[in-house]
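S.K.: First the structure, which I've put down as structure tokens, then a few questions once you've had a look.
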Amino acid sequence: MALVSTAPLASKSCLHKSLISSTHELKALSRTIPALGMSRRGKSITPSISMSSTTVVTDDGVRRRMGDFHSNLWDDDVIQSLPTAYEEKSYLERAEKLIGEVKNMFNSMSLEDGELMSPLNDLIQRLWIVDSLERLGIHRHFKDEIKSALDYVYSYWGENGIGCGRESVVTDLNSTALGLRTLRLHGYPVSSDVFKAFKGQNGQFSCSENIQTDEEIRGVLNLFRASLIAFPGEKIMDEAEIFSTKYLKEALQKIPVSSLSREIGDVLEYGWHTYLPRLEARNYIQVFGQDTENTKSYVKSKKLLELAKLEFNIFQSLQKRELESLVRWWKESGFPEMTFCRHRHVEYYTLASCIAFEPQHSGFRLGFAKTCHLITVLDDMYDTFGTVDELELFTATMKRWDPSSIDCLPEYMKGVYIAVYDTVNEMAREAEEAQGRDTLTYAREAWEAYIDSYMQEARWIATGYLPSFDEYYENGKVSCGHRISALQPILTMDIPFPDHILKEVDFPSKLNDLACAILRLRGDTRCYKADRARGEEASSISCYMKDNPGVSEEDALDHINAMISDVIKGLNWELLKPDINVPISAKKHAFDIARAFHYGYKYRDGYSVANVETKSLVTRTLLESVPL
């Protein structure tokens, strides 16, 4: 079966003809560029001045720029210290037993003490258990049970939402908000118009003047959570977000410190698009079930909580083995000797683990970490360290896709080329096993487009050219790297990607375009000042200001942030829109990669400055076990 493709590959006999027309000329050009840096198995050539400077003179006399980046934070001792005690048979058997007991909860969902469950709370009970399983990170064991529960809830869904139970006379904010959020995330067509029933005569959302009960607070909390799953044009969801944000912030000032207050704080802090599932599970484990007063609910909560803790800790044993494999690849590829670039392979692996922690998705996690590390190395090479002539040569050699052609490259580029070549080919073999077809041609096309976009930006930097916003934006959606970070990793998964599905997930799909857009725009808002200090003037902010003379930097940032808000809603729609041909499960991991990158840019450039929030993420989700 042919793969979707949008551009022909450069053939071996036609190597970037605008630059070089033959291997002889390729080698001739290479002689004008001094060898420097490091070969894959050679020695590094260290800059003659400190990494803290943005400009260095290397031993060959070439003046180069370097980023002021801190070193790798995670040595072998840290990796070896990862806990593995929970892979013992007794823990695995206990987890299996609990999975069976939770399934029994679903099977007896219609009964309470042998009687039919009250028609006044059967809907909220189903929503509660589904929501709890998802937030605790253990829902993968209960796919059939979750579908049955949500089918039941949806069968009672009305134009005003639902009450707590199937025979409730009055619709309930908590049930309706949680219902809309949960049903929408599972692809059920539910309208946000249900929230009109919770507005006052003045057209505004309203609650009691003085915050009264935990039940009321939880209803508004779920309204806030639902508002973040907004689609384009849903004005009422914007209103719900504004109202609920204000309400919850005021509630935090009035209620005592409790599991509910901590839950509110976490949800306000991370929202949805930057609340990575494993981080949410880690946080929710700490607050889940503590406010439960009902004895039966307490027993249910206790079982869910124990299973969540076991699953969290058991996964860490697998993480250790995968990290050992990743670090081995990093060392064997010669990366420790590459002094010009950032080393964030452990951080990228952590992001992958936070969005895909099913045991069978090892290929995705390792593939994502390796690809993102390569992206970072290339980013630092194209943006700062390499000269334009060297980069033109590297770009042409990449398109040749022939390791015998690397003799013409500077020494430091040889290691980079071989690492890309070997890793892309390795992932293509894994993808062929998973998909039953060759995907290398498709991967190469994606990498060519990516390298070309980097080369364009390198020319802009070298010439001081500031493009228009549209020119920058279109190129930047490619150079951000989202497409190549997602493409090969998702193809290694146990999810079929025939052509009609792949074209809705990868380029030129709207989902891919919006995911790339959010990474480019959010990245620019966090990086543009540091980039500008290194001589990289082009950003969405500066290009927008160029196109709109007189606009201040603050106004430009406001405009970009408004664009991001619109992009997020569009991305929600592309993921969750009703589509019988492309299931949500096929799009979810590409979507979650956008969430992972968005998290890294939540406070700052978390990939350059990885010793604050990003370090905390590694510690909380990778290094620390949850006490049982």
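Placed from the backbone N, Cα and C atoms, the Cβ positions cover glycine too.
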S.K.: Between 9-13, 369-373, 379-383, which stretch does Swiss-Prot give the note motif 'DDXXD motif'?
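M.R.: The range carrying the motif 'DDXXD motif' annotation in Swiss-Prot is 379-383.
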S.K.: Do you know offhand how many angstrom separate Asp383 (Mg(2+) 2 binding site) and Asp531 (Mg(2+) 3 binding site) by C-alpha?
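M.R.: One finds 9 Å between the Cα atoms of these residues.
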S.K.: Return only the integer: C-alpha distance in Å from Asp531 (Mg(2+) 3 binding site) to Asp379 (Mg(2+) 2 binding site).
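M.R.: Cα to Cα, Asp531 (Mg(2+) 3 binding site) and Asp379 (Mg(2+) 2 binding site) are separated by 12 Å.
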S.K.: Summarise the model's confidence over the motif 'DDXXD motif' (379-383) as a mean pLDDT value.
M.R.: 94
S.K.: Let me check the 10 A CB neighbour count of Asp383 (Mg(2+) 2 binding site). How many other CB atoms are there?
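M.R.: That number is 20.
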S.K.: Long-range same-chain neighbours of Asp379 (Mg(2+) 2 binding site), Cβ under 8 Å, sequence gap at least 6?
M.R.: Cys341, Tyr454, Gly481
S.K.: Could you give me the DSSP helix, strand and coil counts for the motif 'DDXXD motif' (379-383)?
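M.R.: Secondary-structure breakdown of the motif 'DDXXD motif' (379-383): 5 helix, 0 strand, 0 coil.
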